[in-house]
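This report refers to the structure that appears directly beneath it.
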Amino acid sequence: MGADAIQTNGGDPAKLTVVEGIKRLRCAVKNYEWGKLGHDSLVARLHEANSGNRVDPAVPHAELWMGTHESGPSHVVKEEELGSGHGGSECMVTLKSWVSDNPDVLGSRAVDKWGCDLPFLFKLLSVTEALSIQAHPNRALAEKLHREEPLLYRDANHKPEIALAITPFQALCGFVSLKELREVIANVPEITELVGSKAADEIFTVNEKDGDESIKSVVRLIFTQLMSASNNETKRVISEMKMRLITETNHRELSEKEKLILELEKQYPGDVGVISAFFFNYVKLNPGEALYLDADEPHAYISGDCVECMAASDNVVRAGLTPKHRDVQTLCSMLTYKLGYPEILKGFPLTPYITRYLPPFDEFEVDHCDLPTGKSTIFPAIPGPSVYLVIEGTGKLQTGSSQLLVNRGDVLFVPAHNEIQVTGESDVIKLYRAGVSSRFFQTL
């Protein structure tokens, strides 16, 4: 039964009504090569439940997009036969078109700030091979890139984001500390072979007393020269590095980073992103932990399932571990070169069953709800829009005197000012909510 078709009204199952403004969404799927295949992909399983389309076991299913971005717009399902069990014939309009025609569902403060559109893009990812070494531009750079190359950079928005692990999740994120970087240069001779000893030696002469900008300048120099090395030279040096590491396994245990490097080399042979991975923090998230990334910070997701939320943008500047277009000079010039391990968010309890993740961005926050059968919890009303994704189980959502049944794969748009009560109907219902940051509404 559709999310805009309601089970009961005032407890009388014979009276079917419509929950005002709450809409069930059909969502776009992305079949990028790094996605998990067939039913191994959580994206595939939920998209099948969401759309009714059968999963091709030979096709990778990488991302499920929930939002209004033109590169993967969600559609609002309008059902002509409420309560028919199959929903009748469906007539769909884009979510963007619907919120443009009904701006009140966004709330006045969100409209004043971002116009008649969702300010965030919500995604589900199923990763089996590494994504590209990449960063997302700040707003000023995004405007410039979109103006100069609109086919590559599809919008003029910045793209801070958060990744919240559903399963164990691995990523590369941000530059390692100065101490670790010195160890990398000392222990990976192939880097010096590519960048030259003059540049590489500077990492040993600069220190904390010289200040952050001096340190960043040295890291920028070494990283840019590494990423700009010729393809032939890079392939030769990576082949040497691979053979050295394999040989060294005969007399020592490789580090986790070295093992990762060999795995990346299998996925992207001879790619400069393989050796550049030594520069980045190797982050392993447990389920329920989150990583947030501001604009201009390098990263690459490696494996696992996560929900991801970001400002509504699809701008990506890539420089390694990808067959797609690379913009090495833009990436190397845009990065902040901030060193050190990233902050890991564990969230805070909103209720006994809801955990909230609140990164330092206005556009979005993410809630995670695990609810046992028979238990209820409440998502407070907020002055902005929300998108809900059910990844497991069955439950009831109630707003006011109306309630609806939701199942795995359901994606719902909930307008501003709606308090939502969720009750578990199966052993457990697991769902995620993305919405405008509550911090935004607390500021004047």
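Sequential numbering from 1, following the chain as shown.
Yeah, the Cβs are placed from backbone N, Cα and C, and that goes for glycine too.
A TrEMBL annotation is a machine prediction, not a hand-curated record.
The Cβ neighbour count for Arg318 (active site), using a 10 Å radius and every protein chain shown, is 22. Per TrEMBL, the feature active site maps to Arg318.
Under a cutoff of 8 A between CB atoms, and with a sequence separation of 6+ in the same chain, the neighbours of His136 (Zn(2+) binding site) are His158, Lys159, Pro160, Glu161, Leu293, Ala295, Asp296, Met310, Ser313, Asn315, Val316, Val317. Here TrEMBL flags Gln134, His136, Glu161, His299 as Zn(2+) binding site.
Positions annotated as domain 'Phosphomannose isomerase type I catalytic' by TrEMBL: 23-175. When pLDDT values are averaged over the domain 'Phosphomannose isomerase type I catalytic' (23-175), the model yields 91.
What TrEMBL lists as domain 'Phosphomannose isomerase type I helical insertion' is 194-279.
Marked as domain 'Phosphomannose isomerase type I C-terminal' by TrEMBL: 358-401.
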DSSP residue counts for the domain 'Phosphomannose isomerase type I C-terminal' (358-401), split into helix, strand and coil: 0 helix, 26 strand, 18 coil
Per-state residue totals over the domain 'Phosphomannose isomerase type I helical insertion' (194-279) - DSSP helix, strand, coil: 68 helix, 0 strand, 18 coil
Long-range Cβ environment of His299 (Zn(2+) binding site), under 8 Å and at least 6 residues apart: Ile133, Gln134, Ala135, Ala171, Leu172, Cys173, Gly174, Phe280, Leu293
Check: same-chain CB within 8 A of Zn(2+) site center, minus Gln134, His136, Glu161, His299: Ala135, Lys159, Leu293, Glu297, Pro298, Val316
